[in-house]
Amino acid sequence: MAKHPDVEWGPYLPISIVTTLHAARIAFDLRKALPKNEQTPLLQGLFAFYTLSFGGTTTSALLLANPPGWLASNALLPIYTLIYLAIFKSPFDVVFQLLNFLGPLTELVLSIGDCISCTFAITSMGVEATRLSSNKYIASSYVGMLICGTLSGCGGGIFTDAFQLTRRVWAFRTPAVYSALGSDMKVCFSITSLYVFTTSPFAFAKYLGLDAAWFPLLSAHEAKTVCCSVLLGTMLYRKCFSPSTDLKTQKMKAH
């Protein structure tokens, strides 16, 4: 199972930077979404946090009959748990208050990490995992690529919204995505479509009856870079000009 890009903090802290920032983004947003001074029971909070973090990629992996990435890793769950505890349970609430104090810098750094993680989830754990399926019909299914890619990017938020996991008392309701597509769902679907198209443009040209030379063919690395840039620009724009956007009601990551 694919893992996050292995760029670590250093030889004395062999932990993925992207993993750390992604976990911090989820925990920080989850903490801000809760009513002020409300204490969530530890296990309940962790379950909501794990759902936001891994719900999408886990669903995608199960659809493809693959083991979820967190299940095949000895480090992923402990790292996420420690970061959750740091933001929710640190002495004198120092970690959360520091992140709040840094304000725009916190948003920029966490958004960059979240963007890389989301791009990786959509492309590697969604689209590429579908293409690498041992079932030849699934491996060639563009419908499967689009569904698994989109779910990997925003599935955790859909489940969190459906079961209202950010509230003290959980209850099932019709997910908001079924009444009106949220911006997170649209963004994840667009990024998935962009990646699928740029890495296999000839197939689309054939379907559309157009000259394949009109469409650029990108390598997986090039396509991921383009997708990450588009997603980061979209994410920063929303943070700057749409501050009222609710916490991951349809996504974001998790993945």
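Glycine too: its Cβ is placed from the backbone N, Cα and C atoms.
Annotated range for transmembrane segment in TrEMBL, selecting from 142-163, 186-207, 208-229: 142-163.
Here the transmembrane segment (12-30) sits against the transmembrane segment (70-87); at least 3 CB pairs are under 8 Å, leaving out pairs fewer than 6 apart in sequence.
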